[in-house]
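Annotated features, as they stand in Swiss-Prot:
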ACT_SITE  86  active site, nucleophile
ACT_SITE  181  active site
ACT_SITE  183  active site
BINDING   235, 236, 237, 238, 239, 240, 241  ATP binding site
DOMAIN    9-207  domain 'Glutamine amidotransferase type-1'
DOMAIN    208-400  domain 'GMPS ATP-PPase'
């Protein structure tokens, strides 16, 4: 690798927003390395990090609340470009001598801001121009407070009727603040705004590319594991497949993959995994049949958080059993990625509200015998896919829909039973098969079936059927932080429903989930 891809770096300080790591995703898409650190990062650590620019992210709190987070003094002492987003703008304004007040009109969702001032941040960037020549931007708002008085040196850059200071700028110091969220895809020019800050104002070079990331990850893995052996749980999903390819390239035969058949996998998945990796790629793969153990532990358990933790603990137990058959296994590799971390805690500050735990994050026991290797931990899903292609994995594998670590265990609502898993497997297979036939599989970001533990009356032929209900779920998203339900053709939905009810005797009714994220999550549990 000819260049240090970490040489030009942006520091993102997290105040607890669920969007914080999405900012990092955008900065990396621009091609610049960045790291997220908690808002109370020490002044010494900030100086040592030597960022070319700093982004103050959003957060759920108000600057008026007791003990609400503030930016460290080093943020201002470094005299590097500064960009405050939402709460980041508010605390920046308040700490520099401005004023923040609660807004009579809270803005959540789409808004149009008028660009009423001049500054490098928004120069030449607009969605609309009205008859009077006023530039407008379509943005995403999410705030209850607003800046009412700017610090010395700032001027108004953009405004809305209910938020006169929707953006502020001080070009002399390269300090900027916006009340909207440029990191969210609903802000149409958001990536251009962030690019302007990162590339032009901060002067960063775009060194963060797939080929450089692969080289860096391989070097990091080799430095971490040395000559030790590594175990990887290989599910056949995108994340674990990319990890397998990356580790196989980095350490070769030091890698042993364990495919755990937990009884909660997709139809024919076990055979497909073995064929792809063991036969085609030459990776060492051990197939462990642990269906009885998993289903036995899950019997009688309905709480989704408890199910996740049981699956996580049992997963590690199976690895322990396999590791004892091998010598000198020190590391456990996982396909943990950024969204896993985001939804488990929002970030490291403890300020964000926990939505759900993740199999790769919150369900692992503290006495785990292995050290973790997580080469994808800092990557978003689309970055992982680009890395997979860079490593030579097939397109259809790399762009396969995400599958949760706990598998069908979190797509069966309530208690998990073998009967439910078998029915769900068949229904899910039909849904995916028809999505491909109608050329809708790659138009959706994720699609699956959910088993609902309720029965409904149906009529098949001349007979009455009292059987289970399933729900189809399909979403469209770029970043998995926000998602809308996929507007599938009625003909497709009808075909899927008819096939499921006619071909699977245990199912009598099919529904379609039309919930978006937020407020719903993509998975039901």
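Backbone N, Cα and C define each Cβ position, glycine as well.
Everything Swiss-Prot records as a feature, shown here on the structure.
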residue	record	CB count, 10 Å
86	active site, nucleophile	27
181	active site	23
183	active site	29
235	ATP binding site	24
236	ATP binding site	20
237	ATP binding site	22
238	ATP binding site	23
239	ATP binding site	23
240	ATP binding site	24
241	ATP binding site	26
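Excluding 235, 236, 237, 238, 239, 240, 241, which define the ATP site, the same chain contributes 234, 242, 243, 244, 335, 400, 403 within 8 Å (Cβ to the Cβ centroid), listed in sequence order. Among the recorded positions listed here, namely 86, 236, 237, 239, 240, 86 has its C-alpha nearest to that of residue 183 (active site). Note on the domain 'GMPS ATP-PPase' (208-400): its mean pLDDT in the predicted model is 85. In this structure, the C-alpha atom of residue 181 (active site) lies 31 angstrom from that of residue 237 (ATP binding site). The DSSP secondary structure for residue 86 (active site, nucleophile) is coil.
Cα separation, residue 239 (ATP binding site) to residue 86 (active site, nucleophile), rounded: 32 Å. On the backbone, the CA of residue 238 (ATP binding site) and the CA of the residue listed as 'active site, nucleophile' stand 33 Å apart.
Distance from the CA of residue 86 (active site, nucleophile) to the CA of residue 240 (ATP binding site) is 35 Å. Residue 86 (active site, nucleophile) sits 39 Å from residue 235 (ATP binding site), counting Cα to Cα.
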